[in-house]
């Protein structure tokens, strides 16, 4: 169970208000009006001024302030979502204590206000038997005791609903990955690439001739140049459409014309 500084401060404030309210309630019980302090004149009862009125009112105010603080910082008596995440057992105990704390606070507030009203200064008619009405014993004291009970239950509920189990806190811290620490690098494979075995045989690389795809059936074969016609005997190769020139006569001879 982890207790922080905020919880200590809030618990101190709530406890101080509850104890102060109880002290004022017990003080009002000791200073309240009695049948010996009330004056009676011609059927009218005179209630003098006494400190029980102020003590009772202050006790009721401190009680309500403490309960409001408990409701605000305690997460609406466990019904609202609080900052911490208590265990299921702590949550049930906290809600039950909160409910009984408010019940005790409401009853204590009613007793303190009723006691303060009966100790108000003024005049009242006496009873049919000639007596004056006064507050019964134990009203302020009962309100003070219930104030202590409400404060104790409220503190218990606040602590149960605001504490986080140590095991849960440790598990949460362990589950959170550290920033900048060792981990999986971004963009890198999580599993190592398999390396080839040292004695593994690599497949043969196909030759360029084997890599060529086969020609389709309708594709023409390779174009071969046409062979030139054989040249005339005694002459060199001739180009197409070119006639052979007559041989020149040897030197020293004349060319005879053929008769027509």
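Heads up, the Cβ atoms here are built off N, Cα and C, so glycines get one too.
Here the structure is a predicted model, which means the values were calculated and not measured.
The range from 4-25, 26-47, 92-113 that TrEMBL describes as transmembrane segment is residues 92-113.
Within the listed segments 54-80, 162-188, TrEMBL records transmembrane segment for the stretch 54-80. Remote same-chain residues near the transmembrane segment (133-155) are listed as 11, 14-15, 17-19, 21-26, 28-29, 32-35, 38, 45, 52, 55-56, 59-60, 63, 66-67, 70, 74, 97-98, 100-102, 104-105, 107-112, 114-115, 118-119, 124, 127 (criterion: CB distance under 8 Å, separation of at least six residues from the stretch ends).
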